[in-house]
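Asks: Found this in TrEMBL, in case it helps:
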type	residues	note
REGION	1-21	region 'Disordered'
COMPBIAS	1-19	compositional bias 'Basic residues'
TRANSMEM	73-98	transmembrane segment
DOMAIN	73-509	domain 'Major facilitator superfamily (MFS) profile'
TRANSMEM	110-131	transmembrane segment
TRANSMEM	143-163	transmembrane segment
TRANSMEM	196-218	transmembrane segment
TRANSMEM	224-244	transmembrane segment
TRANSMEM	307-325	transmembrane segment
TRANSMEM	397-414	transmembrane segment
TRANSMEM	420-442	transmembrane segment
TRANSMEM	454-474	transmembrane segment
TRANSMEM	486-506	transmembrane segment
Amino acid sequence: MADRRYHLRSPSRERKKGHDPRSALLRMTKDETRAANVPQMQSGAPAALILSEAYTAEEAVNRVGIGRFQIKLIVLSGFVWMAKGFDLVVSVFINSLMSCEWNLVKWQSALMVTLTTLFTILGSIVHGIWADKYGRRTALSSALIFMFVFGAVSVGVPSYTWFLVFRTISAFSLGGFSQAVTLCSEFIPGRYRGRFIFILSCFFAVGVILMLGILYATTRPGHFYWRLFTAIATVPALIAMIMMRFFPESIRFLLVNEEYVSARCIADEMSSDNRKPLPRGQLFPVRNAGKRGNCCRLLEPIHMRSTLLFWYMGIAAGMSYYFLIEVSSLYLSDVQSNIEEIHSAAHSFMGNLSQPVECLKNITDAQYLRILWTNALDFPGFVVFMIVVDVIDRKKLLCASCLICSLFIFLLFLPTGDLVMRAGFLFCSRTLLLGEMNMLLLMAAEAYPTTERGIAVGMQTVALYVGFFITPYVEEGLLMLGFRWVVGFSGVIMFLSAIAAAFLTWETRGMELMDLIEDRS
């Protein structure tokens, strides 16, 4: 007789209908129990044959709550995101620093930006598939190893060509760092999940600020150490790589991979670290998980609307943030009193690709303070989102933040000469955009089943980088119409993002994570 008990929906939902699928465990045969890797009791009888209860991975995580295990995981994953922040600062300043030694021209700088962005996109897809097929820990380990090894080797390269090769490989590994969100989301209880994911964003912000300080220290007048600057950038990746032995594999991944004993060991470790007991019984096994890491399943009818809306909002957020970065220097300068001067300056964004890249031999105190505060003001939004993300419904919060962001962007049209007011509008919109990017990663991790969660987060990262990648080309076309079109376009696409957020299929705040796509049907 066909065995259908593992095609049932999640236990909590089935109990509402008056049928508990856990009773099926009592009817498991001995052969089926062995096939599911269910441990044997000391008496020799299969555990499932004498169980009166079983519990899911979700119930195990919720029962042990927040404790030492989750704090350890967040700190370890935080170093991954700190490495991401370090790498961001390197990517922004490295061409100007190396130009002092190799006399680079703008097309070489543009080539590096293009290749690193494309390979980050590729790396996000590949590591997302690896995370679903081979485990979240495996994907993160490979990303950290590649990042450290090729980042460290690039310090001693003799030419720009070799640096470009190693930098491109490092960018590929950077695409795997978002899997830290996947791993953390599967160990954090639903009512705290958003808050802890935004703690990762705080590690990213700390990484950016620290690396800016290192930039200042390694480019003092009379000293020029771009190789030292690049070497220090690999330190967080090295620390995280060394500590990978302490990273747990996801219980949910182990269950869908039918590694029941390993999943139980991780659950016992979590219970021991938090000093709280697991629910009575055995972990509820997941059967017939099928093919994992299939990107096409994100476009199945049950997920298509959410997937397309998530991707649009990711591209829109990436484009708008890049637009605002480009116009920041103009809106924070004194030439704002004359819109024609701004329009003229805006046309120099792309410039002549045969022109030399300006050498950044050292950074003065005034330049450093300007760089520091213009970057630091992007991050207060992380704290705001961390406070409200588990209080307000995700859809409402995302919709409201996109709407407010578009409002601040449109306020940049006001003909005011007040520098503080312009800076306020600009940085409020930028900090909201950074929060929205992290919200999208969080919601992608919550909305999709364990079998596709890694590739879902990876593809959401791809959407953000696609937005970054296409922005210069869109921007160049809009500048033909006028400078105001650039700002107006950003405001419009964020307003449309607010509408898109309202039409998302599911509200994910506090939602039980799925293991199989059938759990949604």
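Including glycine, each Cβ sits where the backbone N, Cα and C put it.
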Asks: Between the transmembrane segment (73-98) and the stretches 110-131, 143-163, 224-244, 397-414, 454-474, work out which stretch tops the count of Cβ pairs under 8 Å.
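Replies: Looking at each of 110-131, 143-163, 224-244, 397-414, 454-474 in turn, the most contacts to the transmembrane segment (73-98) are made by 224-244.
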Asks: Sequence gap of 6 or more, Cβ distance under 8 Å, 3 or more pairs: do the transmembrane segment (486-506) and the transmembrane segment (143-163) meet that?
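Replies: As far as Cβ distances go (cut-off 8 Å, pairs 6 or more apart), the transmembrane segment (486-506) and the transmembrane segment (143-163) do not touch.
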Asks: Can you tell me which parts of the same chain pack against the transmembrane segment (196-218), counting only residues 6+ beyond its ends and a CB-CB cutoff under 8 A?
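Replies: For the transmembrane segment (196-218), the sequence-distant neighbours (Cβ-Cβ under 8 Å, at least 6 residues beyond its ends) are 66, 70, 74, 77-79, 81-86, 88-90, 93, 180-181, 184-185, 188, 224-226, 228-229, 232-233, 236, 363, 368, 371-372, 375-376, 378-379, 382-383, 385-386, 389, 434-435, 438, 441-442, 445.
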Asks: Taking 143-163, 224-244, 307-325, 397-414 as candidates, which has the most Cβ pairs under 8 Å with the transmembrane segment (454-474)?
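Replies: By Cβ pairs under 8 Å, 307-325 leads among 143-163, 224-244, 307-325, 397-414.
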Asks: Given a Cβ distance threshold of under 8 angstroms, which distant residues of the chain, six or more beyond its ends, lie next to the transmembrane segment (224-244)?
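Replies: Hits for the transmembrane segment (224-244): 76, 79-80, 82-83, 86-87, 89-90, 93-94, 97-98, 100-101, 137, 140-141, 144-145, 147-148, 151-152, 154-156, 207, 211, 214-215, 218, 361-362.
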Asks: Over the span of the domain 'Major facilitator superfamily (MFS) profile' (73-509), how high is the average pLDDT in this prediction?
Replies: 87
Asks: Looking at 143-163, 397-414, 420-442, which one has the highest count of Cβ pairs under 8 angstroms to the transmembrane segment (307-325)?
Replies: 420-442
Asks: For the transmembrane segment (420-442), what are the same-chain contacts with Cβ under 8 Å, counting residues 6+ beyond its ends?
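Replies: Same-chain residues near the transmembrane segment (420-442) but 6 or more away: 178, 181, 185, 193-194, 197-198, 200-201, 310, 313-314, 317-318, 320-321, 324-325, 327-328, 331-332, 336, 377-382, 384-385, 389, 394, 397-398, 401-402, 404-405, 408-409, 411-412, 414, 457, 460-461, 463-464, 494, 497, 508.
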